[in-house]
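Here TrEMBL flags 12-33 as transmembrane segment. Among the features that TrEMBL reports, domain 'Peptidase S26' is placed at 13-208. The active site annotation in TrEMBL covers Ser37, Lys94.
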Amino acid sequence: MDRAKVNKEIRGWVFTIVAVLAFRTFLYEAVYIPSGSMIPTLQIGDYVIVEKWAYGARLPFTDTAQATWSTPKRGDIVVLLAPPGNPRSDDLIKRVVAVAGDTVEIQDGGLVLNGKAVPRERIPGPCTYWNKLEGGPWREEPCVDFVEQLPPHTYHSYCTPYLPCGDVPPFTVPPGTVWLAGDHRDHSADSRVFGPVPVGRIKGRAWVALVSWGPDGPRWNRLFHSVTH
């Protein structure tokens, strides 16, 4: 084979590999949702596109933030590196409910920020969702549905019927960190477990559910479904 042609093909492959790595490192990444901690906003089986450039850039193949031009806001859904000592090494995905300087509290699953209850309204009527433990079957489970507002975000959060939804005493978020919670308020290991999270450990902001698989196969209603609310 002609050497010039071989060199051209090699350069083409190198360019493609570099472009793909740069895209995944600095721009977007797809993450799989394996658990129900963010139900109903995120469903088990979702593949969510993450905007890795939303807050800054990281050094390739490291956990080090290279540049920061924005910080997470209340209500943002973010992907973060697993906290030290976390039993799972996978990245986590949670909602920012308080930022540096805020005093956050939880009363029976409801948020209190800086002494004021975050608007939260119970939705009457039946509520169920599909849950699946790792390696187990799908199960339909009951829930209590609430609409919660962290302006400009309005979203649903769930609690388990007939059980306390959890309390957290007032806590002031330290500088350079955020406080995270799952929308499935009593089924989430979040800042109630591992504490405030340094902003530098946040990889990006969730943008859209690209595809999703549920108990009956593809969830067509979640194709390119926005998760920024």
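Glycine is treated like the rest: Cβ placed from N, Cα and C.
Counting every protein chain shown, the Cβ of Ser37 (active site) has 21 other Cβ atoms within 10 Å.
All protein chains considered, the CB of Lys94 (active site) has 26 other CB atoms within 10 Å.
Lys94 (active site) sits 8 Å from Ser37 (active site), taking the Cα positions as reference.
Mean pLDDT for the domain 'Peptidase S26' (13-208) in this predicted model: 87.
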